[in-house]
Amino acid sequence: MASLLQKTKLDKELVDYIVYGTVIQEVKTSNIGREAALSAGFSDKTPAHTVTMACISSNAAITTGMGLIATNTYDVIVAGGVEFMSDVPIRHSRKMRSLMLKANKAKTLGQRLALLSTFRPGFLAPELPAVAEFSSGETMGHSADRLASAFNVTRKEQDDYALRSHVMAKKAQESGYFTDLVPFKVRGVDQVVDKDNGIRVSSPESLAKLKPAFSDGASACLIMTEEKAKQLGLKPKAYLRDFLYVSQDPVNQLLLGPAYGIPKLLKKAGLTLKDIDSWEIHEAFAGQIVANLKALDSDWFCKTYLGLSEKVGTPDLSKWNNWGGSLSIGHPFAATGVRLCMHTANRLVREDGKLGVVAACAAGGQGVAMLLERYPGATAD
C-alpha cells in the first residue's frame, strides 16, 4: 500500500475506500485491509474492509471497488490482496479450546480441578490451516490429479507446461518487464528482496523432483473512473471492461473455473478467442491448466456442461501467460488476482495488444473471468 502511494504520487487523503482480499486470516488482524491501511499511513477517516474468495480474493476486491465507483458511492479506491504463508496462525485443537473457554468461566477451585481432570495429552495436538476443501475433505492437489486424469493430461504434459512457465517468467524478468514489482526489506535480513526468487529454469528431470511451495506476497492497485483519473493527472493503464464469477461442482470440477468463465465472458462481451491479444490465466497446478485447455477444446465438455453447440477451441498459446504464471512466479493466494491484471495491462502495452482476458479458479469450485482493454497512451513503466 505504501509503495502504491509512492509509485503513483497520489495524495493518500484522496483515497475514499480500501478493499483487500486475504485467505488465511490472522485473528488479531481479521480486517487486514483496515490494519494495513493504518500502518501504511492512510487517513483514519478512510474506511476499509476485507474480502475472501480463496485464490480470487483480490479479483473480488477489485470488482467490489468497481461496484462502489459505479454506484457513485466513492471515486478513488485502493484494492489488493495479501497472504503471509510463512507465518500462518496455528490453533489449539477444538477440545483444548473448549476446555480453555470453560476454565475461563469456572469460578471455584473445585470447578477448575474438575475441568483439569478431563484434560488429555491429545488435546495439545495443534490444528494447522486446512488446505482441504471443507465440502469434500479433499486437498486441491488431489482434485488437480483427478482432473488431469479425467482429461487424460499426462505427466509429461504437466512437466512441459511447468517448464514453459519458468522459461517465460525468466525471459520476462531478464527483459525488465516486471515493472509493477517493488523491492521489499524483510526485518532482520540484510538482503533486499528485489525480484521473484521462485523462478527456476531447469531440466524436466530436475523440475519433477521439486517440492511444492507456498508464497508470501501482497499486491495493490488503484482504480477510479477515467474522468477522475484525468482530473487527478494520473495516467491509466487499462479499462476493466467486464467481469463475471462462476461456480460449479467443488468435488469433480473444483479447478475448472477458467473453462466455465472464459466462454461466458466472451459471449457476454460479443467476442471470440481470436479477438483476445493477451491471456493471463492462473496456474494453480500444471495439470489444472492443461485440463482447462483441453476442456475448452472438448466438444463433449462444452456441449454437456456449457450448453454450447460446439467446442470453444484452444486459445492462441503464443499469447498465453507470456511472462510465466503462478507455477513459476508464485501464488500468494489473495495477491494473485491483482498480479494477473497488472501483467495483462503491461503485456497489452509491450505486445501492442488491445484486449486481454484474466481468468482463475478458486477453492469451493468457483472462478472469475475479467476483460481488460489497453488504455490509449498507456505505458508499462
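Yeah, the Cβs are placed from backbone N, Cα and C, and that goes for glycine too.
With a cut-off of 8 Å between CB atoms and residues at least 6 apart in sequence, the same chain places Val23, His282, Ala284, His331, Phe333, Ala334, Thr336, Gly337, Ala360, Cys361, Ala362, Ala363 near Cys55 (active site, acyl-thioester intermediate), listed in sequence order. Among the features that TrEMBL reports, active site, acyl-thioester intermediate is placed at Cys55.
TrEMBL lists His331 (among others) with the feature active site, proton acceptor.
For Cys361 (among others), the entry in TrEMBL reads active site, proton acceptor.
Summarising the annotation, TrEMBL assigns domain 'Thiolase N-terminal' to 2-226.
In the predicted model, residues of the domain 'Thiolase C-terminal' (234-374) average a pLDDT of 96. According to TrEMBL, the feature domain 'Thiolase C-terminal' maps to 234-374.
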For Cys361 (active site, proton acceptor), the number of other Cβ atoms found within 10 Å of its own Cβ: 35
DSSP-derived helix, strand and coil totals, residue by residue, for the domain 'Thiolase C-terminal' (234-374): 59 helix, 34 strand, 48 coil
